[in-house]
Amino acid sequence: MTTIPVSLGARSYDVVIEAGLLARAADWLAPLSRGRTMAIVTDANVLPHLATLQAALTTAGVASEAIVLPPGESTKSWAQLEALTDRLLDLGVERGDHVIALGGGVIGDLVGFACSILKRGCGFVQIPTTLLAQVDSSVGGKTAINARAGKNLIGAFHQPALVLIDPQVLDTLPLRQVRAGYAEVVKYGLIDDPVFFAWCEANAAALIAGDPAAREHAIAHSVAAKARIVAEDERETTGARALLNLGHTFGHALEAEAGFSDRLLHGEAVAAGMALAFGYSAAHGLAPAADAERVAAHLRAVGLPDGVAAAGIDADGETLVGHMLHDKKMDAGTLPFLLARGIGGTFLDKSVELADVRTFLDAG
Ligand SMILES: NC(=O)c1ccc[n+]([C@@H]2O[C@H](COP(=O)([O-])OP(=O)(O)OC[C@H]3O[C@@H](n4cnc5c(N)ncnc54)[C@H](O)[C@@H]3O)[C@@H](O)[C@H]2O)c1
Ligand SMILES: O=C(O)C(=O)C[C@@H](O)[C@H](O)[C@H](O)COP(=O)(O)O
Ligand SMILES: [Zn+2]
């Protein structure tokens, strides 16, 4: 068992990682239940794991009530938020209770946001069931739904009380979703850890194929990296946490163009976005061209897109830059970009001209 603390003063919590942990989740959850019924929010593709969790709680004498939502990015919506908060209120959830988010990043982001506003804030626990959620979205307290204008535009910072990660639940995850989650794994190498990037190059195939040792190493390494960055800059004010947005300005524009649908998954969009960020950096003499090509080649090798066309998006620079104008990093007319001086050398550049980004995108 690996336990990684997220150190945030009064909001500190542990991320516990162990294969098979779901069946023992009551060891951690029973003390949080206060003898009351626990609400578990999940989606329709996670029902086998819901059954494991509910059986574990029942054995420990903890009652639970499941709320099963439709799967997919479109669930991060006002309509689902309203339906979910009404259900939680009907169940009588109190501020001192902990709602369980059992699912991928969609469930985690929606439930976290619902819990940030329910009775002005109640507790929640993340039990992530996708690779992406285990290595990224379950940690750090960013919660959100999508708006008509763009991705994650309505949300709050609301930290979970606990994160329980069972890598074995990934055995049922479709390969396309494993690959998409891998994009957020390799992101940590590209940000500031070239040794981890090299590990990714050597071990991606085993990790994606479900090798338990590779999987657990990638999850623990990613969570530790994210915990360190979040502890340094919880609310993305100093620039440290903005590094976690590598590839996301391009990526969110691609997701918007795909209509926040399963046509393009978040991790796929981030992969394309990271390749574009490295391509832009190389085109401007900031990063060696060989590094940009190494990144793109690795993404292609694992079956992830390395650009706009490879992501299946047919849009010109003006259209994509139009989406970027809604980015939360927008600051008095300037959009800071995550660029790179090389693999492991990501930095926030506040001098990028959007007209130049448009030209770069149109050059293909
Ligand atoms: N808050 C953050 O810090 C943060 C970080 C990264 C991504 N995100 C958000 O996370 C979302 C993407 O998360 P995701 O990739 O987990 O997508 P997701 O939640 O849609 O899950 C992907 C698919 O896998 C299914 N699924 C989940 N667990 C399964 C399992 N064990 N077996 C079989 N199927 C399973 C789901 O039903 C869904 O169809 C995006 O909305 C993104 O913006 C948030
Ligand atoms: O935790 C963070 O900080 C991240 O940026 C992680 C990202 O992988 C994630 O997709 C996040 O939701 C993006 O945040 P946003 O602020 O650009 O909506
Ligand atoms: Zn992301």
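Glycine too: its Cβ is placed from the backbone N, Cα and C atoms.
Features as listed in TrEMBL:
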- G105, V106, I107, G108, D109, T129, T130, K142, K151: NAD(+) binding site (BINDING)
- E184, H248, H266: Zn(2+) binding site (BINDING)
- 67-179: domain '3-dehydroquinate synthase N-terminal' (DOMAIN)
- 181-330: domain '3-dehydroquinate synthase C-terminal' (DOMAIN)
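Projection of TrEMBL feature records onto the structure.
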residue: G105; record: NAD(+) binding site; CB count, 10 Å: 26
residue: I107; record: NAD(+) binding site; CB count, 10 Å: 30
residue: D109; record: NAD(+) binding site; CB count, 10 Å: 25
residue: T130; record: NAD(+) binding site; CB count, 10 Å: 28
residue: K151; record: NAD(+) binding site; CB count, 10 Å: 24
residue: E184; record: Zn(2+) binding site; CB count, 10 Å: 26
residue: H248; record: Zn(2+) binding site; CB count, 10 Å: 24
residue: H266; record: Zn(2+) binding site; CB count, 10 Å: 26
*Beyond E184, H248, H266, what residues of that chain have CB atoms within 8 A of the centre of the Zn(2+) site's CB atoms?*
L132, D136, A183, K187, G247, G251, G267, A269, V270, G273
*What does DSSP say about K151 (NAD(+) binding site): helix, strand or coil?*
strand
*Over the domain '3-dehydroquinate synthase N-terminal' (67-179), what is the model's average pLDDT?*
98
*What Cα-Cα separation, expressed in whole Å, is found between I107 (NAD(+) binding site) and H266 (Zn(2+) binding site)?*
14
*H248 (Zn(2+) binding site): which of the binding-site residues G105, D109, T130 have a C-alpha within 10 angstroms of it?*
none
*Return the members of G105, D109, H248, H266 (the binding-site residues) with CB less than 6 angstroms from at least one atom of ligand 1, or none.*
G105, D109, H266
*Helix, strand and coil residues within the domain '3-dehydroquinate synthase C-terminal' (181-330) as assigned by DSSP*: 106 helix, 0 strand, 44 coil
*Are any of the binding-site residues G105, I107, T130, H248 near ligand 2, with a Cβ under 6 Å from it, and if so which?*
H248
*So, by DSSP, how many helix, strand and coil residues make up the domain '3-dehydroquinate synthase N-terminal' (67-179)?*
50 helix, 33 strand, 30 coil
*List the Cα distance (Å, whole number) between K151 (NAD(+) binding site) and E184 (Zn(2+) binding site).*
17
*Using C-alpha positions only, work out which of the binding-site residues G105, D109, T130 is nearest to H266 (Zn(2+) binding site).*
G105
